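Here the structure comes first, spelled out in structure tokens, and everything after it is commentary.
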């Protein structure tokens, strides 16, 4: 079965085509980063308007790239939520219109489910069950993933998400938008051990996270020091070390509690090389396998939505009816409510 996936939850427009027999056939992505840079963050109204301009051309691009026609598509999967309401409405309306015109099923996909399943796009892929560390600009969660649609929350941030803390600290360091990747690049030039920042909730008796205090500590340190390039790099390294230390320790604790032997890391911060290195180092010789998405699938993308749609379609005893054209979005949506 061929599933077309459409992702428009925030500031990336993603389209992909997934075949349940031949895997991912093709995908295309348009990032709005340049448009939002002047504002220092995502402007929801601009994001939704740009999705309107981009979705259908990307659909055409993917169909041409894979030598496929819309008439051969068996279902359309789209991000129903969570995300920016206007952005979600764009993807939902276009997806349902296409499905209605073709009288094929439409599959409502949870954005975070797409991220959790994204490592399944790679080979080797994890088997169910596994622990998932979902870490991005909007979310920091540890999940027990038992199967498709079977997700149990183990722990989450009580304030800022890790990716949000990265971006805000990068801004304090004078880095451009989006700053998370730029902070990580700057940290590679840092001198280890010069500065020490707190590791909030590192030794708490739960699997929750907190990054607002770390962000404040970094801000105080930045204001206290002279703003030369080396000092900025040293602070960036200290901040990155603090965040990744907490993520690693909590992830290992989740593995011990669940007694599972597989860890999946997903979301934009999952691309961070220091996080990847630390997890691999700590898990060497433990028998625990760690899986990361390919770098292009760490950020929001259509491939993960097409995959999630295909896996959900395969779970059904019979093919669902074609879309009736009606739809809803869920700007806020708990993954455990699936």
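Keep in mind that glycine also has a Cβ here, set from the backbone N, Cα and C atoms.
What Swiss-Prot records for 111, 115, 300 is Fe cation binding site. Reduced to three states, the DSSP call for residue 300 (Fe cation binding site) is coil.
Taking Cβ-Cβ distances under 8 Å and a sequence gap of 6 or more within the same chain, the neighbours of residue 138 (substrate binding site) are 10, 82, 161, 163, 164. Per Swiss-Prot, substrate binding site is recorded for 134, 135, 136, 137, 138, 167, 180, 272.
When the alpha carbons of residue 111 (Fe cation binding site) and residue 272 (substrate binding site) are compared, the span between them is 20 angstrom. Distance noted between the C-alpha atoms of residue 137 (substrate binding site) and residue 115 (Fe cation binding site) is 13 Å. Taking each Cβ in turn and tallying the other Cβ atoms within 10 Å, the top scorer among the binding-site residues 111, 115 is 115.
Under the three-state DSSP scheme, residue 137 (substrate binding site) falls in the coil class.
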